Each structure stands twice: as C-alpha cells, then as structure tokens.
Ligand SMILES: Nc1nc2c(ncn2[C@@H]2O[C@H](COP(=O)(O)OP(=O)(O)OP(=O)(O)O)[C@@H](O)[C@H]2O)c(=O)[nH]1
Ligand SMILES: [Mg+2]
Ligand SMILES: [Zn+2]
C-alpha cells in the first residue's frame with residue numbers, strides 16, 4: 001500500500017533563470033562592464049536609440065545583444081554602425097532569458113570596462129520578470145504610446161531604474177502631456193529617473209549619454 | 001504573460017525533486033503566487049495540464065496560494081498591504097508607494113506517492 005507524503009520544495013519558479021543571471025553578473029562584474037537591459041513595447045525606438053547612442057559614444061568599447069522573436073534585422077542595423085552585435089531569436093519566446101544571454105556573452109568576448117546593451121524582445125509585460133544579469137533595466141516609452149501606459153503595465157516600470165521618453169520630436173503633433181507621463185511613471189515607481197529625448201533629432205541625447213557614462217564610472221570606481 | 005515557460009520551469013524543478021525512483025507519482029503541487037506577479041491563474045492551470053504530460057506530475061492537482069502585495073510608503077515610512085500596484089498608502093493616502101512584496105512565484109511543496 002503506497003502512502004502519500006509531503007515534500008517541501010520551497011523553490012522559486014524562476015530559480016534556474018536567476019542562477020544563470022547570477023553567473024552572467026559575475027562575468028560582467030569581473031570585466032567591469034556596465035550592462036543595460038532595454039525593455040519596451042515593439043517599435044518604441046530601442047534600436048534607433050542604440051544606433052544613435054553608439055554613434056555618440058564614439059570610441060568607447062561596447063557591444064550589443066539583440067533579442068527578437070524573428071529576423072536578424074536589428075543586429076544588422078547595429079553592425080552597420082561598426083559595433084559588435086549578436087542576435088538572439090527567441091522564436092515563440094516573449095522575452096530573453098539569462099541562459100540565452102550567457103551564450104551570447106561567450107560569443108562577444110567583451111573588453112574590460114565596456115558597455116553592454118541588451119535589447120529585449122519588444123513586450124511590455126514578460127521581460128520584467130527575467131533577470132539577465134544586467135546592472136539595470138531601462139524602459140523606453142515613446143510619446144505616441146499614451147500617457148496611461150505606465151499605469152497599464154506597471155511591472156515593467158517598477159522594475160526599471162530609468163525611463164526614456166522617446167520621440168519627443170513628435171510631441172507637438174500628437175497632443176502629448178509630458179508632465180502626465182512623468183507623474184504616471186512616478187506613481188508606479190517613485191524612484192524612477194526620467195529622460196525625455198528624441199533619438200531622431202538628437203534632442204535630449206546628451207543627458208542619456210551623461211547618465212550612461214556616470215553609471216559606468218560609478219561601477220568602475222567600486 | 002509567459003505561463004507556458006513558467007510551467008516548463010516548474011516541470012524541471014519537480015523532476016529534480018522527484019528523481020528518487022521510490023517516488024511513483026506526484027498527486028498535488030502547491031505554488032505561491034504573489035498578487036503582483038502578473039500570473040494568470042487560468043493560463044497557468046491550462047499550461048500545467050499540457051506541460052506535465054509524460055512526467056510524474058501528469059494529472060497532479062495544481063493548487064495556487066495567493067500571496068498578498070505590500071508596499072513601502074515614501075511619505076509616512078509604513079509598510080502596508082495593498083491590493084493593486086496603483087493603490088495609495090492606506091495610512092496617509094500618499095501615492096508615493098513602492099511595492100515590497102507580491103512578485104513571488106514559488107513552488108511550496110508537493111504530495112507524492
Ligand atoms: N519621429 C521619431 N521616430 C523615431 C524615433 N525613434 C525611433 N523612431 C522610429 O520608430 C520606428 C521604430 O523604431 P525601432 O528603433 O525599430 O524600434 P524598436 O523598439 O527597436 O522596435 P522592435 O525592436 O521591433 O521592438 C522606426 O520607424 C524609427 O525610425 C524618434 O525619436 N522620433
Ligand atoms: Mg529593435
Ligand atoms: Zn503613507
């Protein structure tokens with residue numbers, strides 16, 4: 001006669017991802033690489049922002065990991081700037097996970113003190129739960145998406161250290177309330193920093209570049 | 001969200017925990033899901049039935065324990081239970097609250113024979 005018994009498990013469902021993320025973080029910290037996980041809905045301008053960021057950073061060593069369900073388009077756009085990029089295709093997957101990023105790291109051979117930009121799959125929901133080993137998440141929201149998006153998708157904005165309000169060049173055409181964007185972002189995350197910019201015209205890009213350099217320098221100083 | 005990949009993660013954890021050949025079958029699994037974890041219970045249960053096929057936990061009952069959410073108020077410094085990420089502080093009414101708890105996704109225990 002078999003007897004039912006109870007087994008304590010007490011294990012986080014994402015514990016496997018979290019341990020890969022810790023492995024990535026050890027590698028990245030040893031190399032003093034400042035790593036940003038860029039998250040947003042599709043088309044908010046992540047790749048455009050990255051291309052412009054790479055152009056402005058000039059000779060600073062950096063690399064990019066591109067995550068998309070399909071195509072190598074975004075990695076090709078990055079490589080066209082002269083930067084190194086690895087494309088990850090997630091197929092049906094709605095987010096990057098730390099295991100995929102670990103493989104990409106093996107291929108990138110990062111240099112000491114560089115920047116690593118990880119462009120996540122365009123999706124305002126799922127990537128929030130998956131630590132990749134990054135220093136921080138940066139959420140990109142374009143001004144045409146609507147002021148209520150932080151309230152509708154709070155997880156992503158709570159998980160991010162910085163929100164970039166992109167496409168400010170379109171604001172005059174679309175009746176956009178930038179203050180309301182800021183208020184809604186602060187409502188879901190009182191700590192979030194906000195930079196409004198246009199990756200198209202370059203307006204506000206200096207603040208983003210300064211932010212990146214200050215963060216990387218702070219990381220190297222510890 | 002990605003309930004399917006969550007359940008795939010659960011399957012791996014369960015397989016590891018039941019590798020002992022003395023365990024024939026898992027009859028019940030209890031998971032704790034935080035209020036703000038963004039997990040759809042119906043989608044999780046559906047994915048559970050599909051993903052567990054062919055494992056020792058095929059047909060096992062999935063029991064979901066809801067964990068409450070809490071937040072720290074930046075104005076009065078209290079930690080309070082809140083039901084939505086958008087709720088104000090129940091003590092002082094401030095909107096400057098930062099979630100503290102509620103994003104848990106954990107397998108608690110399981111019943112095996
Ligand atoms: N007007 C304007 N258009 C922009 C700006 N930034 C990006 N775009 C345009 O927005 C569209 C989408 O830009 P992408 O950079 O491909 O966006 P993405 O977030 O990388 O998209 P996915 O990777 O597919 O999720 C393109 O047509 C860009 O030219 C901006 O600051 N202003
Ligand atoms: Mg892109
Ligand atoms: Zn309060």
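Each Cβ is built from the backbone N, Cα and C atoms, and glycine gets one as well.
Automated prediction, rather than curation, is the source of TrEMBL annotations.
Given the structure is predicted, the values throughout are model-derived calculations rather than measurements.
For B:2, the entry in TrEMBL reads Ni(2+) binding site. Counting only same-chain residues six or more apart in sequence, none has a Cβ lying under 8 angstroms from the Cβ of residue B:2 (Ni(2+) binding site). In three-state terms derived from DSSP, residue B:2 (Ni(2+) binding site) belongs to neither a helical nor a strand segment and is classed as coil.
Taken from TrEMBL, the feature Zn(2+) binding site applies to B:73, B:76, B:89, B:92. The number of other Cβ atoms within 10 Å of the Cβ belonging to residue B:76 (Zn(2+) binding site), over all protein chains shown, comes to 14.
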Item to complete: For residue B:73 (Zn(2+) binding site), write down the residues of its own chain that are at least 6 apart in sequence and whose Cβ falls under 8 Å from its Cβ; none is a fine answer.
Response: B:79, B:80, B:89, B:91, B:92, B:94, B:96, B:97
Discussion item. Quick test of understanding: given the binding-site residues B:2, B:73, B:89, name the ones whose C-beta is under 8 angstroms from chain A.
Written reply: B:2
Discussion item. Given B:2, B:73, B:76, B:89, B:92 as the binding-site residues, which ones have a Cβ positioned under 6 Å from some atom of ligand 3?
Written reply: B:73, B:76, B:89, B:92
Worksheet item: If you count Cβ atoms within 10 Å of the Cβ of residue B:89 (Zn(2+) binding site), leaving out that atom itself, what do you get?
Response: 21
